[in-house]
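Here TrEMBL flags B:Asp298 as active site. Annotated Zn(2+) 1 binding site per TrEMBL: B:His51, B:His53, B:Asp145, B:Asp298, in sequence order. The substrate binding site feature in TrEMBL is assigned to B:His53, B:Leu54, B:Arg55, B:Asn85, B:Asn271, B:His302, B:Pro316, B:Gly317. Residues or ranges marked as Zn(2+) 2 binding site by TrEMBL: B:Asp145, B:His172, B:His225. For B:42-229, the entry in TrEMBL reads domain 'Dihydroorotase catalytic'.
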Amino acid sequence: MIKHLRSAADLDAETATLILDTAGEMAALAGREVKKLPTLRGRTVVNLFYEDSTRTRISFEAAAKRLSADVINFSAKGSSVSKGESLKDTALTLQAMGADAVVIRHPASGAPHRLASWVDGSVINAGDGTHEHPTQALLDAYTMRSRLGRIAGLRVVIVGDVLHSRVARSNVLLLSTLGAKVTLVGPPTLVPVDIAAALEPSTEVSYDLDSVLPDADVVMMLRVQTERMQDSFFPSAREYSRRYGLDVPRMRKLPEHAIVMHPGPMNRGMEIAPEVADSSRSTIVEQVANGVSARMAVLYLLLGGKA
Amino acid sequence: MTSYLIKGVSVLGGEPADLLIRDGVIAAGGRADEVIDAEGLVALPGLVDLHTHLREPGREDAETVETGSRAAALGGYTAVFAMANTSPVADTAGVVEQVWRLGREAGLVDVQPIGAVTVGLAGKQLAELGAMATSAAGVRIFSDDGHCVADPRLMRRALEYVKAFDGIIAQHAEEPRLTEGAQMHEGKVSTRLGLTGWPAVAEEAIIARDVLLAEHVGSRLHVCHVSTAGSVEVLRHAKARGVRVTAEVTPHHLLLTDELAASYDPVYKVNPPLRTAADVQALRQALVDGVIDIVATDHAPHAVEDKECEWAYARPGMVGLETALPVVLSVLGEQWELIAERMSRAPARIAGLTGHGTDLAAGTPANLTLVDPSARRVVDPAGLASRSRNTPYAGTTLPGRIVATFLRGEPTVLDGKAVK
């Protein structure tokens, strides 16, 4: 088993499949009266969050606690350099406290890579800058497999601000590893031209959402920050929504079986219409539940559990 | 003054001969106090670096004029130019004279201060360029390096104004609106790593604008640290038109590529950023062709805490004085004539620096360095004379060892060690 999960590229198909299978076993546990496993008793998991992200932190916390680990939440909001302790000093502190795993959320891309060079324990990337969010990709893959029965051969369309999206990067890498075909859609300002060469050659790029929907098995809408407007990535929220938002008429173009995903938090009315978010195709609430199972599987396997 | 007979040295790769140094100059013949057996060594005119950051005044924890001078001497240099982005900024006669005086006191290389183009490097108002030119430091090169003189009208005025004292503007070519938040070369690696890109066009657009401005006002322009294949094409075109433009390339842009950023280790973070292998090839060819005139190190020492952090928070820059000649040797091979031109004669000529970059003929100032081309060295950051350790070559084996350096006949380096 790998030691760190810094990028979805750390996972080969075999390892990723093992994590998804393990997540399935963990999910079965959620239906029981006693939801806890003793597996990680006596082990310490630190949630080191340099960005506010209540949903991701709670998800990791629930995952660690269900495995009986001791959980320390370390909120270190703000730049580590401009004020207070450096990341390295924080790492040495966590090392001295005997952290077996550090879950890190950080505004700087690559912070988990730096952290892994300073601690002995496992490092799990819970979102770094505009780089990656590999456990999100795992929970998304788990959700697709649960709903559609497979991943290999699926046509997955990811729509929105690919340039700044760590969710998109991790999903492209993981889904390609597992044999899905990914198409990225968004305005050209938000889809780097060389993304296929950068991540996975089989990735396709389209600027026309309507043309790709009829063949999609999965549509994943990314959160688009309205601030991007100020930097002229697109003219207005309305225009963005008209060209790239998933509304009811567009949803009707999807095949019968296709599902709609969103990593949350959503801008209802911007990238996704409320009727779509609340439709039976939507897996948004399931994704949250699956997040706990997927993160349990990652902690379990990285900290030396056996499947 | 001790006289030296350097026996059996190969001047610029020529047949072994004896070189006599007496009273600060190369002498025609006669006796000597000391004999240096230089069999197998190559003599070059002392190297001249138009682009260093010596950090004094202001960041003496990262480098001082003295420690930077020692690093330079160990790298084979006899003259270095110190950029103006100190604290306070070298934008007045007082600061440039202070740096110049510190260089004289250290006495290891000639330290020539570069004056800021604009007050506080803020890009708003011309600094007192004339006062710096007529100061004891005799400043001829002006640069806001670290920042681009982005305002086209201000750049035009600066180019025109320095004609009065044969000055030259050295531009850090970076269109700031195209590089906001930039962390590394914009390309497939930046896309994969999720680091904001620094597009090649941000450099090329400024060089294109500036060569046209320099042509329009008939001034001299020097382009700092050229890093892209596109910039080379713009320069080639400008030179063919007769524009008075010169350009430099750093050793690291001749050797390293943006793939190194994948480690997220900020020792590879530099501005302009490391580019692609295709850019590296174009820069090497341009250096051979003469489209790029010189190699300059952009020696940029940084304290440990400014590099031992997240990539985005780290300061850009690499130390380079002690590894420049070995890197160039590894790139060009033993083309001594070319190396002397690109690392000594041409930089001295661009700067109007007399006494450096001259052939080792009788009567000329004895500014020279002796190199053992057969030696191989593994770069050890802890072994550097620079006060900072941010070399991208740690653990790399590089060819060539600087055995001795002489500044006006006085040894600054002997047996590969600094004399003082």
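Keep in mind that glycine also has a Cβ here, set from the backbone N, Cα and C atoms.
Quick caveat, the model's predicted, so the values are computed rather than measured.
Using a 10 Å Cα-Cα cut-off from B:His172 (Zn(2+) 2 binding site), none of the binding-site residues among B:His51, B:His53, B:Asn85, B:Pro316, B:Gly317 qualify. Across the structure, B:Leu54 (substrate binding site) and B:Asp298 (active site) place their CA atoms 10 angstrom apart. In terms of Cα spacing, the binding-site residues B:Arg55, B:Asn85, B:His302 that come within 10 Å of B:Asp145 (Zn(2+) 1 binding site) are B:Asn85. When each of the binding-site residues B:Asn85, B:Asn271 is scored by how many other Cβ atoms sit within 10 Å of its Cβ, B:Asn271 comes out lowest. Here the Cβ of B:His225 (Zn(2+) 2 binding site) has 24 other Cβ atoms within 10 Å, regardless of which shown protein chain they belong to. According to DSSP, B:His51 (Zn(2+) 1 binding site) is assigned to a strand segment.
Same-chain residues with CB within 8 A of the center of the B:His51, B:His53, B:Asp145, B:Asp298 CB atoms, the Zn(2+) 1 site residues themselves not counted, are B:Thr52, B:Met83, B:Gly146, B:Cys224, B:His225, B:Ala296, B:Thr297, B:His299, B:Ala300. DSSP assigns B:His172 (Zn(2+) 2 binding site) to coil in the three-state reduction, placing it in neither a helix nor a strand. The recorded positions listed here are B:Asp145, B:Asp298; among them, B:Asp298 has the most other Cβ atoms within 10 Å of its own Cβ.
Within 10 Å of B:His51 (Zn(2+) 1 binding site), counting CA to CA, the recorded positions B:Asn85, B:His225, B:Asp298, B:His302 contribute B:His225, B:Asp298. Taking a C-beta cut-off of under 8 angstroms and a sequence separation of 6 or more, B:His302 (substrate binding site) has the following same-chain neighbours: B:Ala62, B:Ala314, B:Arg315, B:Gly317, B:Ser388, B:Asn390.
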